[in-house]
Amino acid sequence: MIRALQPKHVAAVIRYQNDPLKALKTFNQVKTEDGFKHTLETYKCMIEKLGLHGQFEAMEDVLAELRKNVDNKMLEGVYIGIMRDYGRKGKVQEAVNVFERMDFYDCEPSVQSYNAIMNILVEYGYFSQAHKVYMRMKDIGIYPDVYTYTIRMKSFCRTGRPSAALRLLNNMPGQGCEFNAVSYCAVISGFYEENCQIEAYHLFNEMLKQGICPDILTFNKLIHVLCKKGNVQESEKLFSKVMKRGVCPNLFTFNIFIQGLCRKGAIDEAARLLESIVSEGLTPDVISYNTLICGFCKHSKLVEAECCLRKMVNNGVEPNEFTYNTIINGFCKAGMMQNADKILRDAMFKGFIPDEFTYSALINGLCNDGDMSRAMAVFYEAMEKGFKHSIILYNTLVKGLSKQGLVLQALQLMKDMMEHGCSPDIWTYNLVVNGLCKMGCLSDANGILNDAIAKGCILDIFTFNTLIDGYCKQRNLDKAIEILDTMLSHGITPDVITYNTILNGLCKARKLDNVVDTFRAMLEKGCTPNIITYNILIESFCKDRKVSEAMELFEEMKTRGLTPDIVTLCTLICGLCSNGELDKAYELFVTLEKEYKFSYSTAIFNIMINAFSEKLNVSMVEKLFHKMGGSDCAPDNYTYRVMIDSYCKTGNIDLAHTFLLEKISKGLVPSFTTCGKVLNCLCVKHRLNEAVDIINLMVQNGIVPEEVNSIFEADKKEVAAPKIVVEYLLKKSHITYYSYELLYDGIREEVWNNNGRSLLPQDPYKQAQVRFLADYVQKQVFEGLFLLMKTEGEAQEKAIEDVKEKLKVLEEQGLKDLLAEGSTFVNGDELGYLDIVMSTVLGMYKVHEEFFGVKIVEEEKIPVVFSWLNRLIEHPLAKEVAPPKEKVLGFLHFIRQKLLPSQAAA
């Protein structure tokens, strides 16, 4: 005998069937069976199956049929289930509609129905609506139960009022409701959310003292709150307490802890915890591995993420789309595109089908890598795979093109997407507008904005802020204000970023009156200023030397509950220093560390040191410099420059010299100006050796003009570089002419060659003789030769006789004595100071004689000078540096043409 089909059999088939539509087909087919009639149980199973899978239209049809066949007063449980199904899918309005229709269909809601709808409203942030439902429930005489109060407490906690939730918890016994673990944990979670850790922990202990211990599901919700904030240590503390009371962790517990450790950055610890799950008799699931892989990727541990993926597969856990997309995205963000491609190929071999997120990650990674051709290829591949209407992919590529400065291509892509039936959204427009603004193409960006408005795209504040920022950077403030007006006309309220951008633009343009007006308008519009707003205003007033007004703003800012940051304090200190109010500046400087707990920086010390240096207050300069050393702030180039400048101004040359040497020894490069100041001071004090040492130190450390670097031969550079440096310092007015003469002579007197021979004789009397004769040659003999160049006829003859007479004086007034002992040169066998001076002035005397057609150096009249000069000319170094005869003749001819009055007139 065939047994009749019973409702419980149909219900079992529906529950077993995974496909909701197949279950519905079975449900409809059995209605044709003889003698079969659906019961509340079968209807309920079918509605639950459809609701669980989001088949709401079919579910509503079955519900309508149910109402016709079953007494509606019995359907409250069904309605509650439907409300929860809608709630799980975020369809809050549909859930509310179901609740509101219960009365209409003669099913009076009980406290359970009210609890269900209130819970959905609270979960999705509709707190005021949930409160209205609660008041309505009380008005019609339905008494709240423990779940009602728990939902109310959850609402208070979600709105940042855990203390109100605690009061409600304490009042529950008076309302006839007993405490339970769920209600306690709701309030404890609220305190933890608000970072009231002490109160939360105290309440948790109180719950345990009451003999109430949460089950593992309730406890998991509590530690999930803590682990989301990365507070794993507190979670472990609570966990140890409940374990002592017999609560055993499940896989979800471990997954929560793994997530918490990953958020905290303790990835290695999270990996060890995953390994330990097996010892607890549990098997890690795809969520366990995905959480850890996600943590590895977020902290750029991509090799470890790949190892985790392999281990996951080896342990028989099948990766899902999230697994592959997470690790592919991680490699793409790190610019490791080859690794991303390898993972993708392996995944596709195992049956993974790339989705929108996969292609988006690949395009983004290639764009960041600058490989736009491959990014475009991946994009078009995605289009061919059926993602033609993917706004995400279009926006990803638009972003990449804009980032690479390829805004024209981004604009073309935006046109293409419209042709393919994919309308640009606000992000598309924002990306293009931002790209154009960065390129300075503001008129084009404005055109895109107008196009978006014309197409009915709902613009957001970012669009307008981007354009306003662009115009402010170009100092086109009128246009920026015009964009602000457009923004207001579209019902978009400017935020603090909008006003800060405009205020900053006005501040840069030094329009203080407009700055004040805009700030007042900001307050009138109800926009609360932030620390950046006040920093801009304070900077504006300080630049305009209105420091008292800046200080008033500083006080106002504090009354608004805003804590000054380092920018605020540095701006004020700088403003006070510029205004000469150094005592107030120093007071504020001291509070920087003591009151505001900011570490001192080199920049802030430099501001203070410079201010006191300008007032020549050396004691304060030194005090600040020593304090700087004690604050772990290393003096920089600017610090040393100011210190050296201060000591030079006050005549403390010893410290100026010491600080310059210290600066160079620390690898800091002093400017020519700084070196020049110290050199001038040393020369004034006749400390020539130290001054010359500084010149040599400059050469050794590469503090030289460009001409020195063009000398490739080391020996020539060693001789020429100091002279070039001194000449450059004079040319740029870094040293006085007096310092120049002393330094030039001092350099000549230094060790001249590798043998260490001095340019001057050792005997002091002879040194004085050499200096006198060198000066005589440079001034008297050279002046006579120069007179030859600009005279002719009788005047020139007289000039020639004058030169001869001066050379005779040179021979008789000391040269004979200096060369009396048969020395080749004045300084012995090597060239000396006087030798170099003489070769410089008369080393080309034979060319001069040829040019003028007269004898200047006559052997019979000045034999000593004649033989000496010829020995100088034959010296290897003189020959090496001597210019060609033709070049000298050409030069003399050119100079004579310029100097002769008759030639100049012609």
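Placed from the backbone N, Cα and C atoms, the Cβ positions cover glycine too.
Through the fold, the repeat 'PPR' (75-109) approaches residues 40, 43-44, 47-48, 51-52, 54, 56, 59, 63, 66-67, 116-117, 119-121, 123-124, 126 of its own chain, all at least 6 residues removed from its boundaries and within a Cβ separation under 8 Å. TrEMBL lists 75-109 (among others) with the feature repeat 'PPR'.
According to TrEMBL, the feature repeat 'PPR' maps to 110-144 (among others). Sequence-distant contacts of the repeat 'PPR' (110-144), counting only residues of its own chain at least 6 positions beyond either end whose CB sits under 8 Å from a CB of the stretch, comprise 76, 79-80, 83-84, 86-87, 90, 92, 95-96, 99, 102, 151-152, 154-155, 158-159, 175-177.
Residues 111-112, 114-115, 118-119, 122, 125, 127, 130-131, 134, 137, 186-187, 189-191, 193-194, 196, 199, 203, 207, 210, 212 of the same chain lie 6 or more positions beyond the ends of the repeat 'PPR' (145-179) yet place their CB under 8 Å from a CB of it. Summarising the annotation, TrEMBL assigns repeat 'PPR' to 145-179 (among others).
As annotated by TrEMBL, repeat 'PPR' applies to 215-249 (among others). Computed over the repeat 'PPR' (215-249), the whole-number mean pLDDT of the model equals 85.
The list of residues near the repeat 'PPR' (250-284) in space but at least 6 beyond its ends in sequence, with Cβ under 8 angstroms from a Cβ of it, reads 216, 219-220, 223-224, 226-232, 235-236, 239, 291-292, 294-296, 298-299, 301, 304, 308, 315, 317. Per TrEMBL, repeat 'PPR' is recorded for 250-284 (among others).
The repeat 'PPR' annotation in TrEMBL covers 285-319 (among others). When DSSP labels each residue, the repeat 'PPR' (285-319) comes out as 26 helix, 0 strand, 9 coil, counted as helix, strand and coil in that order.
Under the heading repeat 'PPR', TrEMBL lists 355-389 (among others). Listed as Cβ neighbours of the repeat 'PPR' (355-389) (distance under 8 Å, sequence separation of 6 or more from its ends, same chain) are residues 321, 324-325, 328-329, 331-333, 335, 337, 340, 344, 396-397, 399-401, 403-404, 406, 420-422.
Taken from TrEMBL, the feature repeat 'PPR' applies to 495-529 (among others).
Under the heading repeat 'PPR', TrEMBL lists 530-564 (among others). Beyond its flanks by at least six residues, the repeat 'PPR' (530-564) meets 496, 499-500, 503-504, 506-507, 510, 512, 515, 519, 522, 571-572, 574-576, 578-579, 581, 596 of its own chain at Cβ-Cβ distances under 8 Å.
The repeat 'PPR' annotation in TrEMBL covers 565-595 (among others).
Look at TrEMBL and you will find 601-635 (among others) tagged as repeat 'PPR'. Beyond the repeat 'PPR' (601-635), the same-chain residues lying 6 or more positions past its ends with a Cβ under 8 Å from any Cβ of the stretch are 566, 569-570, 573-574, 577-578, 580, 582, 585-586, 589, 592-593, 642-643, 645-647, 649-650, 652.
Residues or ranges marked as repeat 'PPR' in TrEMBL: 636-670 (among others). Secondary structure of the repeat 'PPR' (636-670), assigned with DSSP and counted as helix (H, G, I), strand (E, B) and coil, comes to 26 helix, 0 strand, 9 coil.
Taken from TrEMBL, the feature domain 'GST C-terminal' applies to 763-891.
Broken down by DSSP into helix, strand and coil, the repeat 'PPR' (355-389) contains 26 helix, 0 strand, 9 coil. Long-range Cβ contacts of the repeat 'PPR' (215-249) within its own chain (Cβ-Cβ under 8 Å, at least 6 residues beyond either end) map to 181-182, 185, 188-189, 192-193, 197, 201, 204-205, 208, 256-257, 259-261, 263-266, 280. For the domain 'GST C-terminal' (763-891), the DSSP-based tally of helix, strand and coil residues reads 94 helix, 2 strand, 33 coil.
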